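Everything below concerns the one structure shown next.
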């Protein structure tokens with residue numbers, strides 16, 4: 001019996017392992033690296049779509065489940081708190097990796113989003129949304145960590161600008177889809193969850209086979225530019241062995257990390273308000289339909305998305321972050337003030353509101369993309385091996401700020417609860433009038449409350465916008481500890497010094513090297529020490545002269 005030699009077939013086990021073992025032992029070339037970044041950005045977009053879809057159809061959801069505005073707000077608070085502790089758990093990405101959490105988390109959230117319309121009551125609805133929020137809290141820390149891993153510091157702001165497209169493009173998609181499909185689908189809020197759930201499962205399939213990550217030795221180092229790739233790979237094994245992963249929270253809970261994280265969290269209070277309540281605000285204050293309100297939201301998110309990409313590119317070109325944060329803060333404060341003045345003008349046109357919120361979005365984008373780059377560079381200055389823990393601090397403070405701001409909103413804008421239920425009460429009154437019957441005493445009392453709430457709401461919303469302005473001004477002070485220069489010239493000098501010193505010391509952050517150390521280095525080079533041999537000869541001559549002076553002549 002003879003045997004024939006056939007080419008070895010690929011082992012099925014290897015294909016299965018590839019779905020779990022995703023580590024890359026070499027830093028990828030530009031093409032594969034761009035692909036991995038694109039998958040991460042796409043995953044971020046779909047996760048935020050699943051998270052924001054409720055805000056796009058909030059009036060319809062509240063009516064379907066007979067849910068009061070206060071119940072809805074408190075449900076968002078609970079979801080934010082659960083998501084905050086989910087973000088803290090994401091710090092384990094430094095030990096377990098990031099890609100598997102992202103890939104399989106997409107599958108979980110996609111299935112759960114499809115199940116939302118089948119919930120029998122408002123309690124089941126809230127519980128399911130809370131579970132989705134917890135899973136997303138973990139994943140949305142892992143995705144910026146992956147972006148940082150695949151982007152050297154010289155391109156960090158551009159990469160983070162594309163990552164921040166996730167929440168912005170997601171909001172744009174939610175508003176655009178709702179604007180285009182709600183009226184065609186008989187205002188079916190469930191249709192929006194089916195669309196976003198299917199979108200999530202499609203991206204899950206892409207991430208399952210197409211997402212990889214750097215091994216611990218590669219991601220625990222700092223890359224200034226892509227030219228450092230060979231040196232980073234050569235030191236990978238040593239870097240993994242010497243990475244300091246002990247007491248990670250003690251290393252990350254430092255002022256230069258906590259203060260900026262808290263600052264950006266409160267700076268974006270108006271952003272959280274836009275996500276959860278812009279539709280309600282525009283429908284109750286200006287009388288727009290849900291579809292028209294989403295049209296204004298579309299302008300807001302579109303301008304935000306464009307500005308994020310452009311600002312990231314310009315920030316990398318000029319190699320500074322803080323001037324953009326300052327300029328974006330000024331523009332955001334000015335446009336928030338203009339926005340609050342419109343609250344008492346209910347006949348403000350669609351075009352005017354779209355212009356105001358578009359410029360407001362540009363201001364927020366100018367500050368946010370460079371902040372993300374500067375924050376990751378600050379974490380690298382502490383310990384690049386603990387990037388996920390540093391981002392978990394940011395994720396935790398962000399979700400605590402979301403929960404706190406949403407909780408406070410219901411007391412500042414107390415009339416919103418009455419106005420959300422107003423259409424139903426007005427319809428009852430109209431039906432009673434058409435039937436020739438007088439409205440009941442209870443209904444008349446409710447109509448009086450609605451009238452009073454309509455008069456109070458604009459001023460209450462103005463108070464809330466003032467809170468947003470105060471938070472934006474406080475952000476300016478809290479972002480100062482971040483790594484980075486104000487001057488492009490100084491930033492360029494730092495980067496050149498870091499790149500030139502990378503051969504002997506390894507790559508370092510572009511703006512984290514102390515200026516005094518560089519000054520001492522230049523002084524030492526300007527006055528080189530004398531040769532050792534010359535110093536020794538002079539010392540020997542001085543000793544001989546001293547001995548000769550002390551020796552007495554013989555008698």
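All residue numbers here begin at 1 and follow the chain in the order shown.
Backbone N, Cα and C define each Cβ position, glycine as well.
A TrEMBL annotation is a machine prediction, not a hand-curated record.
Per TrEMBL, the feature transmembrane segment maps to 34-53 (among others). Beyond the transmembrane segment (34-53), the same-chain residues lying 6 or more positions past its ends with a Cβ under 8 Å from any Cβ of the stretch are 28, 102, 105-106, 109-110, 113, 132-133, 136, 139-140, 143, 146-147, 150-151, 159, 162-163, 165-167, 169-171, 173-174, 192-193, 196-197, 199-200, 203, 206-207, 210-213, 275.
Per TrEMBL, domain 'Major facilitator superfamily (MFS) profile' is recorded for 36-433.
The annotation transmembrane segment is assigned in TrEMBL to 69-92 (among others).
Residues 20, 22, 40, 43, 46-47, 50, 53, 90, 93, 125, 128-129, 131-132, 135-136, 138-139, 142-143, 146, 189-190, 193-194, 196-201, 203-204, 207-208, 211-213 of the same chain sit 6 or more residues outside the transmembrane segment (99-117) yet have a Cβ under 8 Å from a Cβ within it. Residues annotated as transmembrane segment in TrEMBL: 99-117 (among others).
The annotation transmembrane segment is assigned in TrEMBL to 123-147 (among others).
Among the features that TrEMBL reports, transmembrane segment is placed at 159-178 (among others). Sequence-distant contacts of the transmembrane segment (159-178) (same chain, at least 6 residues past either end, Cβ-Cβ under 8 Å): 37, 40-41, 44-49, 51-53, 55-57, 143-144, 147-148, 150-151, 192, 195-196, 274-275, 290-291, 294-295, 297-298, 300-302, 304-305, 308-313, 315, 365, 368-369, 372-373, 376.
If you look up TrEMBL, you'll see 190-211 (among others) marked as transmembrane segment. Distant neighbours of the transmembrane segment (190-211): 19, 22, 35-36, 39-40, 42-43, 45-47, 49-50, 53, 56-57, 99, 102-104, 106-107, 109-114, 116-117, 174, 177-178, 181-182; these residues of the same chain sit at least 6 beyond its ends, with a Cβ under 8 Å from one of its Cβ atoms.
The transmembrane segment annotation in TrEMBL covers 257-278 (among others).
Positions annotated as transmembrane segment by TrEMBL: 298-315 (among others).
Feature annotation from TrEMBL assigns transmembrane segment to 324-344 (among others).
Remote same-chain partners of the transmembrane segment (350-371), defined as residues 6 or more beyond its termini with a Cβ less than 8 Å from a stretch Cβ, comprise 157, 160-161, 164, 168, 260, 264, 267-268, 270-271, 274, 278, 282, 286, 288, 292, 295-297, 299-305, 307-308, 311-312, 315, 320-322, 324-325, 327-336, 338-339, 342, 475, 479, 482. The transmembrane segment annotation in TrEMBL covers 350-371 (among others).
What TrEMBL lists as transmembrane segment is 391-413 (among others). Here the transmembrane segment (391-413) has Cβ contacts under 8 Å with residues 69-70, 73-74, 76-81, 83-85, 87-91, 137, 140-141, 144-145, 148, 252-253, 257-258, 261-262, 264-266, 268-269, 272-273, 276-277, 375-376, 379, 457, 460-461, 463-464, 467 of the same chain, all six or more residues outside its ends.
The transmembrane segment annotation in TrEMBL covers 464-483 (among others). Non-local neighbours of the transmembrane segment (464-483) in the same chain are 255-256, 259-260, 262-264, 266-267, 269-270, 273, 321-322, 325-326, 329, 332-333, 336-337, 339-340, 343, 367, 371, 374-375, 377-378, 381, 408-409, 412-413, 509, 511-512; each lies 6+ residues outside the stretch with a CB under 8 Å from one of its CB atoms.
Residues or ranges marked as region 'Disordered' in TrEMBL: 499-555.
The annotation compositional bias 'Basic residues' is assigned in TrEMBL to 513-546.
The average pLDDT computed for the domain 'Major facilitator superfamily (MFS) profile' (36-433) is 82.
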